[in-house]
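Novice: After the structure tokens below, expect a handful of questions from me.
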Amino acid sequence: MLRPVAIHCLLSTLLCMWVLCNAQSPSGPPVIQLRLAGEKRKHYEGRVEVFYNGEWGTVCDDDFSITAAQVVCRELGFMNAESWSPSAKYGSGEGHIWLDNLHCTGGEKSLAECHSNGFGVSDCKHSEDVGVVCTQKRIPGFKFIQNQGLTVQVEDVRLRATYSQRKRIPITEGFLEVKYGGKWRQICNEEWTEKNSRVICGMYGFPGEKRFNARPYKLLASRRKKNFWGFSVNCTGNEADLSDCKIGREIKRKGNSTCEQGMPVVVSCVPGRAFAPSVSAGYRKAYRLEVGRILHQPLVRLRGGAMIGEGRVEVLKNGEWGTVCDDNWNIRAATVVCRELGFGSAKEALTGARLGQGIGPVHMNEVECSGFEKSLTECYFNRDAGCSHEEDAAVRCNIPAMGFNKRLRLNGGRNPYEGRVEVLAEKNGSMVWGTVCSDSWGTMEAMVVCRQLGLGFASHAFQETWYWQGDGSTDAVVMSGVRCSGTELTMDQCLHHGKHILCPKGGGRFAAGVSCTQTAPDLVLSAQAVEQTTYLEDRPMYALQCAHEEHCLSSSADKADPSSYRRLLRFSSQIHNNGQSDFRPRAAHHSWIWHECHRHYHSMEVFTHYDLLTLNGTKVAEGHKASFCLEDTHCDEGIQKRYECANFGAQGITVGCWDTYRHDIDCQWIDITDLKPGDYIFQVVINPNYEVAESDYTNNIMRCRSRYDGQRIWTYNCYIELEHNRQPS
């Protein structure tokens, strides 16, 4: 089980013993450490801070250049720099301004090697602190452990399972080895602690460590040639990665006599629920305790992420889900969330609603965690949020290597994000690649494919793929009848026909296909707008001919006298796009349907469902709205409108904008002519047929309580139904 992790400090391996002897030349560059800090930033950008002489300080923007930024980014482990920013863009730092008038050639391995006025020699103020933006791609194997300037670089770290454990997925236990000097080496366990194991497990996607039977490992170790790494490791246990730990003392290497009092380190991890062989074997989430028993009600959840183990952080408080503000949000708090939910440590702590904006209250702000809490709700936080949803915090967690992407592939597409779906399946005793039947193939199935391959969200689901030239030898259908809920981790977890394939159309040109994308829209209806605009109108049948033609009236209207009246429950709907990309109709311009009566095109035949339900959920009246016009009615401040329906223009809803269907337009109603007086639930469902992929479908349903007395109607307690976490009262 491999993971590109490295342990790095500032000097090369060849100079390691020289550093240990503290024999640094007076003419050599001083040992420094860099970090990115500041406000409103991503993990690969920020104010440049330098650790020198025991203190953190900043760098002045005088004479700074993109070349200097490249040196900074490479020293921090990123491939390159994208840009740099003067004038304290990421906020003013504190302490010394260590470097001023920096001149780098670009070949330096450390910022300390660049020419400058000298450390601490500066005439700048902190309003001139420089910042950089690095490329997101990291240098392979570059991460580091540090201790008082001591530097040792290793190329990789792995858990090496024993032969009997290698076929298990995921691998949760094995010898811990580091690749050093081109060779894999063991670590002596004489000073190894459970805290070290906790960090290793977190890196590999597991929430915790556990004890193991050491006897077989001792036996194996005694039979193998010993090749130990020359250092011990010292973790506190709350680090997100081994690179955040420190190097312990040097181990004297004596061949087979090394580590005489111990044996090679073995790490054993507890898998989370989603990755455990059975539910009972998995790591338990933090659940709300009530009356001495555990309720299966998680306190924390992730929403809006494409992959398992990533998403916007949401917290349950007083029966209502809300978000977490990103003030002071860091990798330690993110790691508490990840472990709580059964994942490993956090890869990233995301700020600025990077994974979409939530709805409802902001429950937590200025979160501070030690890293050992069982739940985010145990961390210190400020209840007075004072934040908007533009500041919603999110996480990306380490997850175990499950090998999901080895059993599925896309073939024939123009790029790696699209193609015909091909599955590795057993046929006549051997494993062969084949296609998936496209009968009933839709957005939900495509979402699972994109997730399984690590390609993000589904953009489109295709039922014909003749235009993608695949390998003819893989045309045979090996999977049919696929029906997914959209939450599965793999296609195998979806309902399907199993070994009994049924696909009348066959594979080849009719094989299922997908295109994937890294971002997706997220539509949310304004419950407040609905509640404030509902009213009744009695309208004559002769004025409803176009609406009748578009099936916007109840079935009894088919036999109604033209002079009779229909009673309509009218309301406005205001639909916001809180996601990361624009909401666009699935159908292209040329395939939109023209409606002669209303004289407009429908880009989506069913965009919303409107229903009245009894209190036990039985439907008693219904309506629907086709998207004859999807446009940006209004946008948040600073966001430009992009979509306008006039003159057969492009349709859609921009991120940060909303489309308003006013109460006075046709079909913006429910026909309640035949409704009896009583109490009801008024329900609106957006994108009900999942025609367009979204990052979160759980917020597409709005419900209200309604009371009808035969003449008047009252609508109240409207809310967005987030997986039934609240009920109307």
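Our numbering is plain: 1 for the first residue shown, then up by one each step along the chain.
From the backbone N, Cα and C atoms, a Cβ is placed for every residue, glycine too.
Keep in mind it's a predicted model, so treat the numbers as computed, not measured.
Take a look at what TrEMBL says about it:
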SIGNAL    1-23  signal peptide
DOMAIN    34-135  domain 'SRCR'
DISULFID  Cys60-Cys124  disulfide bond
DISULFID  Cys73-Cys134  disulfide bond
DISULFID  Cys104-Cys114  disulfide bond
DOMAIN    157-270  domain 'SRCR'
DISULFID  Cys235-Cys245  disulfide bond
DOMAIN    300-398  domain 'SRCR'
DISULFID  Cys369-Cys379  disulfide bond
DOMAIN    408-517  domain 'SRCR'
DISULFID  Cys484-Cys494  disulfide bond
Novice: Using a Cβ-Cβ cut-off under 8 angstroms and a sequence gap of six or more, which residues of the chain neighbour Cys379 (disulfide bond)?
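Specialist: Spatial neighbours, sequence-distant, of Cys379 (disulfide bond): Ala333, Val336, Val367, Glu368, Cys369, Ser370, Glu373.
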Novice: If we count other C-beta atoms within 10 Å, could you say which of the disulfide-bonded residues Cys124, Cys245 has the fewest?
Specialist: Cys124
Novice: Average the per-residue pLDDT over the domain 'SRCR' (300-398) and send me the rounded value.
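Specialist: A mean pLDDT of 91 is what the model gives the domain 'SRCR' (300-398).
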Novice: Find, among the disulfide-bonded residues listed as Cys73, Cys235, Cys369, the one whose Cβ has the highest number of other Cβ atoms within 10 Å in the structure shown.
Specialist: Cys73
Novice: Would you mind listing, in sequence order, the residues at least six apart from Cys484 (disulfide bond) in the same chain with a Cβ closer than 8 Å to its Cβ?
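Specialist: Cys484 (disulfide bond) has long-range Cβ partners Met444, Glu445, Met447, Val448, Met491, Cys494, Leu495.
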Novice: Distance check, please: Cα of Cys104 (disulfide bond) against Cα of Cys73 (disulfide bond), rounded to an integer number of angstrom.
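Specialist: Between the Cα atoms of Cys104 (disulfide bond) and Cys73 (disulfide bond), the distance comes to 13 Å.
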Novice: Using Cβ atoms only, which residues of the same chain lie under 8 Å from Cys114 (disulfide bond) while being at least 6 residues apart in sequence?
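Specialist: Correct list: Ala68, Val71, Leu99, Leu102, His103, Cys104, Thr105, Glu108.
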Novice: In sequence order, which residues at least six apart in the same chain have a CB under 8 Å from the CB of Cys60 (disulfide bond)?
Specialist: Ile97, Leu99, Asp100, Asn101, Leu102, Ser122, Cys124, Glu128, Asp129, Val130
Novice: When the number of other CB atoms within 10 A of each residue's CB is tallied over all shown chains, which of the disulfide-bonded residues Cys104, Cys134, Cys494 has the maximum?
Specialist: Cys134
Novice: Using the alpha carbons only, what distance in Å do you get between Cys73 (disulfide bond) and Cys245 (disulfide bond) once rounded?
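Specialist: Per the Cα atoms, Cys73 (disulfide bond) and Cys245 (disulfide bond) stand 21 Å apart.
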Novice: How many of the residues that make up the domain 'SRCR' (300-398) does DSSP mark as helix, as strand and as coil?
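Specialist: Across the domain 'SRCR' (300-398), DSSP assigns the residues as follows: 16 helix, 38 strand, 45 coil.
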